[in-house]
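In what follows, a structure is listed as structure tokens, so that the remarks can point back to it.
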Amino acid sequence: MVKVGVNGFGRIGRLVTRAAVLSGKVQVVAINDPFIDLNYMVYMFKYDSTHGHFKGTVKAENGKLVINGNAITIFQERDPSNIKWGDAGAEYVVESTGVFTTMEKAGAHLKGGAKRVIISAPSADAPMFVMGVNHEKYDKSLKIVSNASCTTNCLAPLAKVIHDNFGIVEGLMTTVHAITATQKTVDGPSGKLWRDGRGAAQNIIPASTGAAKAVGKVIPELNGKLTGMAFRVPTPNVSVVDLTCRLEKPAKYDDIKRVVKAAAEGPLKGILGYTEDQVVSCDFNGDSHSSTFDAGAGIALNDNFVKLVSWYDNEFGYSNRVVDLMVHMASKE
């Protein structure tokens, strides 16, 4: 079983740990977070406003975090190169601080004995992998990889199925996205774009996202053919992608539904879901798929121009893919 270290015990760090425990496919052996002490880790892991109580045991014992009887070594280092991952037995490190997202910065984990690093965010220079889309291109010479973003993980499987079957000439994506930790609870200063600093609970906030362009990195044939933007909305979790695209080969909407359903039940099972139910965002809270196609929500203007809708739990679905990517990487050792 893959032995994993988690750097940064925030939303993704905690949920990757939950996903790891639930899957039983990887074992978390170490966690580093300079801002959260051990007893606070117990509390934060046990109680979650979005995903509910952890259904298991969690306690602090002998200076370790013990989850379901598994003792996890705790570090509180600010500098990733000082974390002794090797001593704790961690071979793979999930870099989930959101801070060390380049090859150089994430590479600091290798100094402490980690063998591989998975960045749980898009990266400017690390190779990006999306499970079900381009994970087969991973080879073991790569020490540092990125699991891309939650939105890229939602869009890419859908775009792949559509492109493989009908060809995408060009497309625009909008993600209606739940609030995240980088936003402000009330109006405040924002580093980059002024409106990013407006109160998250009060506003629909247009925002940038590199998720659609990143699809071109994981599906090279779509490079330059997709771009997109986000609306941040006042919901705590679950987001939805709207992909509006021009098709090379004409297709009836029923044809599109058929191929997506076939992919969801076949090669992309567990990654891409399919539903014809009258669902809303809450119905996907805690859903482990990267993307669930909403057959009833999409529309076609004509046989070449369509709007496709797909839901995702931007926290938990993504965290499950981080685990899946590590399992896949380990299978190549």
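Counting begins at 1 with the first residue displayed.
Each residue, glycine too, has its Cβ placed from N, Cα and C.
Among the candidates R195, R198, R232, the residue that Swiss-Prot names alongside S149, C150, T151, T180, T209, G210 for the D-glyceraldehyde 3-phosphate site is R232.
Cross-referencing D33, D37, D277, D283 against the NAD(+) binding annotation in Swiss-Prot, which names R11, I12, R78, S120, N314, picks out D33. Of all the recorded positions listed (R78, H177, R232), R78 has the fewest other CB atoms within 10 A of its CB. In this record, D-glyceraldehyde 3-phosphate is bound by S149, C150, T151, T180, T209, G210, R232; the longest C-alpha to C-alpha distance in that set is 16 Å. Most Cβ neighbours within 10 Å among the binding-site residues I12, D33: this distinction goes to I12. Here R232 (D-glyceraldehyde 3-phosphate binding site) is compared against the recorded positions I12, D33, S120, H177, N314, and the shortest C-alpha distance is to H177. The Cβ of G210 (D-glyceraldehyde 3-phosphate binding site) lies under 8 Å from the Cβ of P122, S149, each of which sits 6+ residues away along the same chain.
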